[in-house]
Amino acid sequence: MKIIRVKDDREMSKQAARRIIEQVRQNPESTLGLATGGTPEGTYKELIKDYQENQTSYKQIRTFNLDEYVGLAPDDPNSYHFYMNQNLFDHIDIPSENIHLPNGLAEDLEAECQRYDDLIAELDGIDLQILGIGENGHIGFNEPGTSFQSHTHVETLTESTREANARYFESLRDVPTHALTMGISTILLSREILLMASGEHKAEAIYKLFYEDVDEQMPASILKTHDNVTLIADEQALSRMEEASRESM
Ligand SMILES: O=P(O)(O)OC[C@H]1O[C@](O)(CO)[C@@H](O)[C@@H]1O
């Protein structure tokens with residue numbers, strides 16, 4: 001895993017945006033895998049800025065988001081559909097038919113998961129996948145204990161994830177208990193992965209990522225087996241890992 005160490009969230013966002021823009025320019029028909037949450041917000045702002053200043057076009061780009069809450073409609077302000085429209089899609093020239101997120105309102109959730117995986121495969125997979133990391137090491141919504149062989153599936157959210165994401169909701173009670181998420185094996189099929197982390201609250205997860213074995217209890221640890229992963233992390237997120245490496249010298 002390649003590591004790019006940056007000063008802060010702003011630098012992380014710029015570095016990630018730079019790589020995404022390069023991908024879009026080199027292959028305007030790329031398929032991007034996108035994430036939600038706090039981590040990629042600055043990156044999406046940078047993409048919008050670049051679109052306005054340099055007219056980088058997304059007309060032929062296709063996107064697949066990692067996850068969506070079960071039970072939230074696309075126009076629900078807490079849904080990841082809404083987040084993506086507000087934070088990126090409404091501000092660039094991507095056609096709506098090129099945008100894909102799992103449908104959290106599907107009547108048959110199992111069939112919806114299968115449809116999502118089939119569509120990713122049909123469109124020849126993901127060229128560049130953006131990932132954040134949960135404080136408990138989750139990627140997408142794959143919580144600790146999820147099989148590394150998992151495909152897109154319904155995940156029961158842990159209390160710690162619901163608490164971490166409650167900041168977007170009126171109260172913890174409103175945070176859905178389940179989500180649809182690309183599985184670990186779905187994520188690993190991406191040809192390139194950009195993992196992003198910023199802030200001290202991510203320091204423990206990043207430390208475990210490097211200092212603990214590849215284990216299903218630490219979902220992000222599987223990324224160490226992929227041959228094209230770059231971690232872009234800021235000083236705070238790297239602090240615990242760097243402290244441990246200093247101590248072992
Ligand atoms: O970026 P945050 O808000 O810290 O969340 C970490 C990860 O957890 C999720 O919210 C769950 O999918 C991701 O969107 C994100 O990458």
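Glycine residues also receive a Cβ, built from the backbone N, Cα and C atoms like all the rest.
Sequence annotations record features per position, and here TrEMBL assigns domain 'Glucosamine/galactosamine-6-phosphate isomerase' to 10-228.
When secondary structure is read from DSSP and collapsed to three states, Asp67 (active site, proton acceptor) falls in the strand class. Remark: Asp67 (active site, proton acceptor) has Thr36, Tyr80, Pro102, Gly140, Phe141, Ala179, Leu180, Thr181, Met182 as non-local neighbours, by Cβ distance under 8 Å and separation of at least 6 in sequence. Here TrEMBL flags Asp67 (among others) as active site, proton acceptor.
Feature annotation from TrEMBL assigns active site, for ring-opening step to Asn136 (among others). DSSP gives Asn136 (active site, for ring-opening step) a coil state; it is part of no helix or strand.
Residues annotated as active site, proton acceptor in TrEMBL: His138 (among others).
Annotation comment: TrEMBL describes Glu143 (among others) as active site, for ring-opening step. In the three-state DSSP assignment, the secondary structure recorded for Glu143 (active site, for ring-opening step) is coil.
When pLDDT is averaged over the domain 'Glucosamine/galactosamine-6-phosphate isomerase' (10-228), the result is 98. Taking a Cβ cut-off of under 6 Å from any atom of ligand 1, the active-site residues Asp67, Asn136, Glu143 reduce to Asp67. The Cβ of Asn136 (active site, for ring-opening step) has Glu143, Pro144, Thr158, Ser160, Thr161, Ala205 as same-chain neighbours under 8 Å, each 6 or more residues away in sequence.
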